[in-house]
Every structure is written in C-alpha cells, then in structure tokens.
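Colleague: According to TrEMBL, the protein carries these features:
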- A:70-137: region 'KHb' (REGION)
- A:95-166: domain 'K Homology' (DOMAIN)
- A:191-407: domain 'Metallo-beta-lactamase' (DOMAIN)
- A:240, A:242, A:327, A:350: Zn(2+) 1 binding site (BINDING)
- A:244, A:245, A:350, A:597: Zn(2+) 2 binding site (BINDING)
- A:419-543: domain 'Beta-Casp' (DOMAIN)
- A:572-630: region 'Metallo-beta-lactamase C-terminus' (REGION)
Ligand SMILES: [Zn+2]
Ligand SMILES: [Zn+2]
Ligand SMILES: [Zn+2]
Ligand SMILES: [Zn+2]
Ligand SMILES: [Zn+2]
C-alpha cells in the first residue's frame, strides 16, 4: 500500500475511534511517532485515556498536535499562571514547527501534575504540546548548544522526521524470512564496535566506534558489500557514548548515510561532546580527521532519542527497546524484536551487572530473547576485580596517607563514568568523616560531563535520585568540588594545600593531567592513583610499569618521585564473575550467546565457560563474519 | 601500475629472455592466458622448452601466436601432409581471430606426435597454433552446436577474453587481508548450490544451481548485498553439470553479470545441454522461465574451460585448479589458492571417493589446503550403500528373471552419469555372458549425453580409456545398445521382444519413461528398476512407496502390476564410509571442514563425526552465513 493511502486509512480509523466533537484533520509519521493533528486539542486532552487506547489499538507511538497554536506570548502567561510557583520554571521555548513548548523547571513533577493533570491543563489552555525538562543544577554548555542547534535547524529536522517516519512505516515486501548479524568490528578485540543486523527488509547498524591506540585497522569494516551503500541503512543504534562505540558515527554521513541515529538522550549529548573532543585530540596530533564538526552537527540533527523501556518501530519489521546497561550515563542494552514474533536479539554494548554509586545494575530481564551479543572485556577466568567497597577503602587510605604527609593526589580519569564514580565516593568519604575535609579539584572535561549527568537525573540509580530529590542532597553540588577553569587556577592548585585532583586524560595521553604531573611528580609526598585500565603504549601504562624518567618533548624530562599506585574496582564493566552471574540470571534464557568486545583469549574463554556451565550454544565470532539467527 | 604499462614491461622482459632471432611484437592478456605475438612462430616452436621456461618465470599461462598466418587452404594441405595417415583427421577448422586451427582426428596422439613433435612441425610449417581434439565416435549435436556458435561469435569472444584478461591481471590495491565464504544456498539442504568466495580484492561465485522439486526457495540467495552488484563478480566457477549446481548460471547474465565462467570442457557442454532441457521442461509445465536460450548462449560464449591440474589465475589474488571429483563426466573439486600463500580452500562439488566404471576416485591430494567445503549427501551414520559389485549382481538377477518370464525392464535414469554407469555394467554382463544377449534401448537425452562422454575420453578412468584405446573396445559403441529416436521406434520397443529400456526422466517426472510406464505397467511380467534417488513428491517416489493406481491427467489412470524394485549402489556420491575415508586420506589435513549439500541431520551428523574422529574443526553452516577463513 502507498504510504499516503496508509495514512488516509489511519486518519479514517482514528476519526471513527475518537468521540464526536473531536476532528482529526491530518495524521503524519514523524520519525517513529504517529502525529495526530486536530482542531480540538483541548477536547483531546480532556480524554485522559484516548491517546493510550489509540496507541494500543494502532500499535504506534501517538502524539497529538493542534492545528492552530496560541500566540507564544499569551501562551507564556498561561503556562506561568497554571503551573504552581514551586515548579520553579527557569525557561520556556516554543517550537512552532513541531507545536511543542519546552518547559525547563526545577521540579518537573509539579509542572506535570498528578497523573499529568497540570500538563493536560496547559495543553487545553494553549494548544501547544508541553514537554517538560528539568533545570539542570549545573549548566551544561553541550546540552545548551544541542538545544539551540535543534531549534535553529527545526525545518530541516521536521522534514527529516517526516521522511524517516515514512521510511519506517513502509510496506514489507520481502517474501523470505531471515535475520542475520554481520560483525564489522570489535570481535576478538576491544574497539571499533560495529554490528549489522539485517533482514530481507531492513538493515540496522549497531554502534560505530574507533579502536583506541590502533595504528592501522582503527575503523570498522565499512567498505564491505554487506553494508553498502550506506544510503540503504535504515538506522544506526548507539548503545553508549564511549568512543569505541560512537566515535565514527559522524563518519557515516561522509559515506552517504542520512538516516536516523537512535540513542538515549544522555548518549546523544555525551557522544557529541566526546566526538568534538576526539576531533580536537586528532587536530592537536596533526593527524587527518575522519570528519569535521559539521558531521557532528548532522549526527545531532539526525538523532532520535528514546528512553529506557520505550518500544519503538525503527524499520518496517524491527522494534527497538533500550534497557539500562549500568555502564555509564545513558548506556543501554539494545533489544530488537524482529518481525511479528520472529526473533529477539540484544546487544549489550558495555554493561555492568553490579550496582554502582551512579547506576542500577544492567537489566537481565527481557520480554523475549533468542540471542545476545555480549561484551567480554573481563571475560577470562582470572578477570576478577575487587568489590567497589574494597576499592573505595583502598582509595581512602591512599588519599589519607598522602594528605597527612602534606602531599597532593592526582587521579587521571576518563571524563565520562569513572570520574563521577570517584567523585561520589570521595564526596561521601568527606561527608561521613572517612576522609578529611579536603578540596577535590576537577580539571578537563569532567565538569561538563558531570553537568550532563545532572541534566538527566532520571538515568541515575534510585538511591542517588532519592538522595538528590527527597533529601535535597545532590552530591555533585557538594562544596568539596571545585572546577579548574584557567591556567591561573591550575597553578594555584599546584601550589596550594594538600588536595585531590581528578583530571583527564584517563591514560595520560595529553590533557591537563600532563601539567599536574610535570609540576608534582618530583615531590615524593604526592601520589598518582590509577583507577582505570591503562592501554599498552600509553604514558599511564609506562609509569604503571615502573618508568621513573619520562622524556617530555623538548622540555627535557620528568623525574617520577611521587608514589604510584593502582586502585582496581572502579570499572564500569562486569567482571568475569558478574558476566557469568548475568547469564545465570538472564530471563528468558537465550538460545545463542555471542562473546564479543574482548581480547581473543577472553572471548574464547568466556564462550567456552558459558557453554560448559549453562549448556547454551556460544560463539566467539571473528570480524567480518555473518551469523544466521533464523 | 596501469595494465598497458604492465604489458609493456612483460613484452620487454620476454624479449630479453627469448634467443636472438625471435621477435616478440606484442603481448596481450586473453582470459587467463598471456598471448605472445611473434613474427617467428617457427623459430619459437623450435625451442621446445622456451614456453615452459617463460611460463615458470612469469608465473603465467603462455600461448604463442604468429602475426602472419598461412593461407588456410595451403595450411590445410600442409597439415594433411605432415600428419601420418593413421591419425585419421576428420575435420580442420581455422579461427583467424585466435590464430588457432582445430584439428579433429580419430587418433589425436598421432597428430601430436612424440613429445609434441608433430604439432611443432605443424606450427613451424603454417604459423597457426594447432589444437587437437578427438573425433568423437558418436557425434554429439551439443558439441557441434557449441563449436559452431563459438566460431560464429569469435569477434565478441576475442574482445571478451581481452577484457577478462585485463581484469584478471589488474593490480592488487586492497590493504586488508582476509578471505571469506558466504553461503548462498545448499546448506542443510540439497540443491541451489552457490558459494561466494571473497577477498578485499575479488569475488568468486562457486556454482549457481536450482533446487529440484522446491515450490519456493528454488534459487540461491542472489539478492543479498554480499554478491551485489553482479557486475562486481570476478568469475563464476562451476564444479559440474548437474542442475542443482549449474541450472541458474545463465540467470546471472540477466542480473548484470558478464564475466567468465570457468569449468572443465565436458562440464560446459553437459551444462548447456541440461540447461536447454531445463528450459524445455519449464516450458512444458507452463511455468515462467528464469532465462531463455539466449542466456545459455551467453554462458557458452563466456565459458573458459580448464582441464584438471591446470593452475590458472582467475583474479588478481586467486588461482583456480580443478581436480577430478569422480562424480560425473568433467566433475571437479575446485581448489583456490588465495594471495601469495595466504590461504587454500577447496569446494568438492559432488564427489565420489570410490572408483566407478567411468571415473577414477576423487582426488584427495592437494598442494596445500586449509579449508574444504564438502558435500554430505550421504553424510549420516546409516548412509551406507552396497558396493558397486553387489549392486550389479542384483541388477543382473532382476533382469535375468524378467527376461526369462518374457518381460521388459524399465530403468528410469538421469541422462548424465547414472545412465552411462548402468550401460557399462549391462554391456559387460552381456559381453561376459552374465546376461543373455538382449537389446538395451536408450531413450531421452541419454544418447546425447553418451555422445558427450565419448567426446572426452581423457575424462574417463584409465581402465575404460585403455579398453577403448588399447583394446579398441569402446563399450558405448556396443551393438547391444539401440537408440530410440521416434514414437514409431518406441512403439516397436514396447511391442517387441524382452529387453531393457534405460530412459529419462530419472524420477519419472515426465519424459519418455511415462510412455513406457503407460504401456508396460499392467503386465506383471515386466519390471521397473529404480537405480537412483527418488525425491519426495515425484511419481518415482510414490511408486516406490507402493502406490498401485496412478492417475494420469485426463487419460484415466495406470494400474501398476509390474514388479517394482530398487537397486542401490549406482550412486555418483561418496557414501558415509567413503566420506569419512576421504577425510582420513586427504592430504594435507585441512584446519576446517564445512559440511554442506545434505539434509540438515546429515550435515550435522557428518560434521560432528568428523570432529570426533579426526579432531578437525567442523561446521554445518546455514544458508546466508559468512565465515571468515583468515
Ligand atoms: Zn564503554
Ligand atoms: Zn566498549
Ligand atoms: Zn551432482
Ligand atoms: Zn549436487
Ligand atoms: Zn560456529
């Protein structure tokens, strides 16, 4: 059926279902949503259950928009009149193209009202569809820029959503039924994650990352015929914002892709931040950049964000649902339901099956599941990490003895994930008196990454959310943290009192950590604490291995006198024990498990251990293979 | 390097290597061969070793052609003067475009002379390159038509060979190194054989067959991106002429392919014969034909034939060698050498690892071998067939008792392979007195297929060749055989003396066998003997299962009173014991074995049995998978 006929049919169907007094003038696909345009948004909003019933019956995500919109100024006054004072509205943006009004408030719950009653009042009164976002306690320039950019490119974006919507809802024409996965990277290695899920009807790319530290073979195999031409790709699905998963998504636009990229909202924001930083690092090293900031913008423009649990059509025969992966902010296990009950397959991305200070453990429950592609970073039998508790006790001890002898603690850390975990551990240590009341300085992109964390508190675990909302105690806002945002300030920190400095880069390949090392390495009272994996070839790894004389360009060299120590246990990954226990608990039991994202020996070890223990068919694929699922 | 530069370099190199007195005016790639054009073909021919040395040093197949050719009429006289009378020249064809003269003779050995001396004399005397073919004792209309067609389209073919030659010898540009095989059919099933061998540089399709009896899923998966566009395919390699391997090769031309198809010469001839018959069957059943006889012609025009053991460049990084498969005339195991010692992989096609009346057992020795894709038709533990000897004894007994009671024996058989095996067994039975001196009537395409067999005696096993050449006893020419070539003749056979009738189709789906059944089924003195596998859904299978009342269109029905019996053991496939013994003997031992071309349970059984017994990694792939070899 032509898509126009389909829409006409849907309009008639909806008109039959809505009570008299409501006129549906038009329906349109916009991305994965079915948008209903009406002259009577107020009457529509009165029928609390109507949208839910339509969504259920049509098996579509439904959005209602008015044909005629209230004048923004009048609407502004109406909103502030309807929403109680304690909602703390900090800003209101109108988007005439989508008919949406974005309300930024300190207490979104107040703006929404009980069961959405206040929101419905707003809709009835002004016609615009209200969307509520929380006023972030720390302003993120990334989030701000993304919102500005999306507003500025709204015409293009509207057209993009309309086109994607029509593409997603096209008729199924293929007669064959099969589901295949092609491995384009990240098999028997860590890095360049890229998996192609294909059916006779659709092609979905899951992740598109770089391989850190690789001199050749740094990109996924995007040149093979399976994925060519990229214009035929229905969608890209991004599990999380780490560069080994997201770095090369913008490159796809250079190769002709122009479809949607699905991720959670935090993943979109963190990814674009890290992609721009990735370009900056390449620029500083005088290497040729695979893409420019223009493609990062395009990535943002083509992003369609989904929250955990939202079941979404992304192709005629594929539904995507994100589930919490517990790894970093917004990290997701991507679950695909293919066909009408034909097959279910999940890609874990990176995941943590234990609870951390920031996140709940990864989901192990799925409505259905036949196969899973699972990371194996710590997949070998001996890959056991200490508990988070023990790691924190060790970290406290190192800090205490350093402070006591009048030294400073340098903690190199990735901006996203590990930094925030360490921040929370230190904040609690100080608050509960396990650590002295020292200052914790944050340098590099850590503050910006933390700001994005505070923009999406609903992605943090319930304890932390309760602490923030019920107890009004946002640990990220603690007075113990202080941002370093100038060289003067950095100099002051270096020459100041004993303190802790959390700073990028995490593997000591450039970034502000170099400045601290340069100035603090000679003094044996100071301590350098590694909390994350140091890859081969990085300066961090060399120092860990015992190098004590570090040549630094033409400046001569740095002599390492300070204490060097490693605290394991802050990893965002499941260790071997957790990987096995995840498979023990996963429900339903999949028929096949593919161990990926790990060194060869680890994926092989994990695959054979799972097979032996659980009698599930396992594979340790190589890159460039295609597995038939059904 | 540009191909023109490469050719220039080769010309200079060759000019340095040839003795003074020989001028190489030009060199050109024509298909896989490097053709040297010279003004001095006679001097060239004098240097017996020169071509061999050039071929070895340049690692190319070398052909020498004169610039100026003797007038054909004079050349004709010269040839008949040089070749001794007893050579028995029956025809001479000149092809001015290739500079070749085809000499058809009863004793090619005489035309060739000792160590090729007579041939060299011819070359020296006339300039034309002589090629010798045997005068077939039974004239094949297929072979005649193919030769005529190739002569008629020689301009196109010359250009085609030049283009293919340049494509084969293009520079290698890819930096990655990998070898992959994609399964496009014939996995966990019998039929629609099609495997794609690919490297970063090249793509080769091995076989392209139909699935007999399939109502849907009758063609290989040619629509998947791995093989698209077909214009990017470097070559098609055909293992043998059975329709489950060759039927859809002409279809590739409809889809844009225009490259070379490599096979042995008998495979080319048998394939085109069976493809035309395949179209005829489809026409009679009023089904839409996938292609027309035009594409069969194109298939012939684009065919490049190779004999067993000839190592041939078919892509910049791939060399192909055919080895005897022992299955049917010209059947081959296709061995691929990839890169400069990177990887070796063989596809068995169908193969027989025991000696039959017609063929030597399949080759189990390869220069190198890392992986093999192996047929598993009789791969299950219980798939043991009786010895050929026992099968023949049983067949003799059935025939004797039928003849004694005054009946006729109907043997439905495939035109290619099984018919000739049965013919040879019966001829020997009559000659040695184990059978009475009855007539054996051949109906359907059997005579034409037999004619093609006699065209290529070098593809028969040494015993049979010796019998034909040393003992002058060609069993196919025995007086006991009589062709049925009209309905009158058929009626005479039906009403005649007790006899044996070997006739198509082999599974009693149409063909002349129906006429015999119709007229002979009611008489209980007659016998119907099955010597081949009867697929589900065929009339043969139904009768085998015990049906005794066969509805025949509007004509009413046939009552089956005649004796029905099955004689197993004439199969052209290895049975389970032979498959296992092939792997036991194969040299060198491959690292991986892929069990294909068999029902699911058989491929699984064989794969696990090989693994258990030989500790070699085995797979039972599904269709639409890609395996990474290296
Ligand atoms: Zn990660
Ligand atoms: Zn990762
Ligand atoms: Zn065959
Ligand atoms: Zn076959
Ligand atoms: Zn496997």
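Placement of Cβ uses the backbone N, Cα and C atoms for every residue, glycine included.
Annotations in TrEMBL come from automatic prediction, not curation.
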Colleague: In terms of Cα spacing, which of the binding-site residues A:240, A:242, A:327, A:350 are within 10 angstroms of residue A:597 (Zn(2+) 2 binding site)?
Modeller: A:350
Colleague: Cα-Cα, whole number of Å: residue A:327 (Zn(2+) 1 binding site) versus residue A:245 (Zn(2+) 2 binding site)?
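Modeller: For residue A:327 (Zn(2+) 1 binding site) versus residue A:245 (Zn(2+) 2 binding site), the Cα atoms are 13 Å apart.
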Colleague: Would you mind ranking the binding-site residues A:240, A:242, A:327, A:597 by how many other Cβ atoms sit within 10 Å of each Cβ and giving me the lowest?
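Modeller: Lowest Cβ count within 10 Å among the binding-site residues (A:240, A:242, A:327, A:597) is A:242.
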Colleague: Taking the centroid of the Cβ atoms of A:240, A:242, A:327, A:350 as the Zn(2+) 1 site, which other residues of that chain lie with their Cβ within 8 Å of it, listed in sequence order?
Modeller: A:239, A:241, A:245, A:325, A:328, A:331, A:349, A:351, A:417, A:572
Colleague: Would you mind checking how many other C-beta atoms are within 10 angstroms of the C-beta on residue A:244 (Zn(2+) 2 binding site)?
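Modeller: I count 21 other Cβ atoms within 10 Å of it.
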Colleague: In sequence order, which same-chain residues at least six apart have a C-beta under 8 angstroms from residue A:350 (Zn(2+) 1 binding site)?
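Modeller: Spatial neighbours, sequence-distant, of residue A:350 (Zn(2+) 1 binding site): A:239, A:240, A:242, A:245, A:325, A:327, A:328, A:331, A:375, A:377, A:572, A:573, A:597.
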Colleague: Suppose the Zn(2+) 2 site is A:244, A:245, A:350, A:597. Which further residues of the same chain have a Cβ inside 8 angstroms of that site's Cβ centroid?
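Modeller: Sorted by sequence, the hits are A:186, A:190, A:191, A:193, A:207, A:209, A:239, A:240, A:242, A:349, A:375, A:377.
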Colleague: Quick one: give me the count of other CB atoms within 10 A of the CB of residue A:245 (Zn(2+) 2 binding site).
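Modeller: Looking across every protein chain shown, the total is 28.
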Colleague: Which residue counts does DSSP yield for the domain 'Beta-Casp' (A:419-543) in the helix, strand and coil classes, in that order?
Modeller: 59 helix, 15 strand, 51 coil
Colleague: What average pLDDT does the predicted model assign to the domain 'K Homology' (A:95-166)?
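Modeller: On average, pLDDT over the domain 'K Homology' (A:95-166) sits at 87.
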